[in-house]
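To keep things clear, I will list the structure first and then write my remarks on it.
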Amino acid sequence: MMQTVTTIAGRLDATGLKIAVVATRFNDFIVDRLVGGALDCLERHGINAPDITLVRVPGAFELPLLCQKLAAQKRYDGILALGAVIRGGTPHFDYICAEATKGIAQAMLASGTPVGFGLLTCDTIEQAIERAGSKAGNKGVEAAAAMLETIRVLEQL
Ligand code: INI
């Protein structure tokens, strides 16, 4: 018979945490839905609203720098990066997505601070709308929940 395994898992509990949310102004009609979902998620899981700091950046390309800076301050238990890159007719779509993704991951790994990845990378505006609070859920909520879970797992290691 199989022995009981030791499982370490994170609770979705935001009580007492300090969180920085970094959100782009580019595509703000989409990104504001991600921000709204993320804030609602954090509040429903017990955060004290004044313990959330919202930082606005121009676009996805700027997300890594701000995530890095905020993580290095060590004032926050977690950081949430929110934005939307929409291919449309943007020829540099792939470059922006690659740099933003790589840079956000690097900010997390270099600092050890969990960073929730809530950057939509979509071919069309319709796809972005679907992921910003309609058919395909809300990526801001998912990223906030993932960040919370990661913070709580790390605490136990
Ligand atoms: N920034 C985005 O966040 N989303 C986009 O869809 C986008 N497009 O399509 O160009 C975008 N570009 C701006 C970029 O992130 C920088 O802010 C800009 O190049 C200035 O550094």
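The backbone N, Cα and C atoms fix where each Cβ goes, and this holds for glycine too.
Just so it is clear, the model here is predicted, and its values are computed rather than measured.
The 5-amino-6-(D-ribitylamino)uracil binding site annotation in TrEMBL covers PHE26, ALA60, PHE61, GLU62, ALA84, VAL85, ILE86, PHE117. The feature (2S)-2-hydroxy-3-oxobutyl phosphate binding site is assigned by TrEMBL to GLY89, THR90, ARG131. TrEMBL lists HIS92 with the feature active site, proton donor.
Everything TrEMBL records as a feature, shown here on the structure.
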| residue | record | DSSP (3 states) |
| --- | --- | --- |
| PHE26 | 5-amino-6-(D-ribitylamino)uracil binding site | coil |
| ALA60 | 5-amino-6-(D-ribitylamino)uracil binding site | helix |
| VAL85 | 5-amino-6-(D-ribitylamino)uracil binding site | strand |
| THR90 | (2S)-2-hydroxy-3-oxobutyl phosphate binding site | coil |
| PHE117 | 5-amino-6-(D-ribitylamino)uracil binding site | strand |
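Rounded to a whole value, the Cα-Cα separation of GLY89 ((2S)-2-hydroxy-3-oxobutyl phosphate binding site) and PHE26 (5-amino-6-(D-ribitylamino)uracil binding site) is 15 Å. With respect to ligand 1, the binding-site residues GLY89, PHE117, ARG131 contribute no residue with a C-beta closer than 6 angstroms to one of its atoms. Secondary structure from DSSP puts ARG131 ((2S)-2-hydroxy-3-oxobutyl phosphate binding site) in coil.
The distance from the Cα of PHE26 (5-amino-6-(D-ribitylamino)uracil binding site) to the Cα of THR90 ((2S)-2-hydroxy-3-oxobutyl phosphate binding site) comes to 13 Å. The record assigns PHE26, ALA60, PHE61, GLU62, ALA84, VAL85, ILE86, PHE117 to the 5-amino-6-(D-ribitylamino)uracil site; their largest pairwise CA distance measures 17 Å. It is HIS92, among the recorded positions HIS92, ARG131, whose Cβ has the fewest other Cβ atoms within 10 Å in the structure shown. Looking at VAL85 (5-amino-6-(D-ribitylamino)uracil binding site) and ARG131 ((2S)-2-hydroxy-3-oxobutyl phosphate binding site), their Cα atoms lie 12 Å from each other. Note on proximity: of the recorded positions THR90, HIS92, ARG131, the one nearest GLU62 (5-amino-6-(D-ribitylamino)uracil binding site) is HIS92, by Cα distance. Binding-site extent for (2S)-2-hydroxy-3-oxobutyl phosphate: residues GLY89, THR90, ARG131, maximum pairwise Cα distance 20 Å (rounded to the nearest whole number). Rounded to a whole value, the Cα-Cα separation of THR90 ((2S)-2-hydroxy-3-oxobutyl phosphate binding site) and PHE117 (5-amino-6-(D-ribitylamino)uracil binding site) is 22 Å.
Counting only residues at least six positions away in the same chain, the Cβ atoms of ASN27, ILE30, PHE93, LEU120, CYS122, ASP123, THR124, ILE125, ALA128 sit under 8 Å from the Cβ of ILE86 (5-amino-6-(D-ribitylamino)uracil binding site). Using a 10 Å Cβ-Cβ cutoff, GLY89 ((2S)-2-hydroxy-3-oxobutyl phosphate binding site) registers 6 neighbours.
The Cβ neighbour count for GLU62 (5-amino-6-(D-ribitylamino)uracil binding site), using a 10 Å radius over every protein chain in view, is 18.
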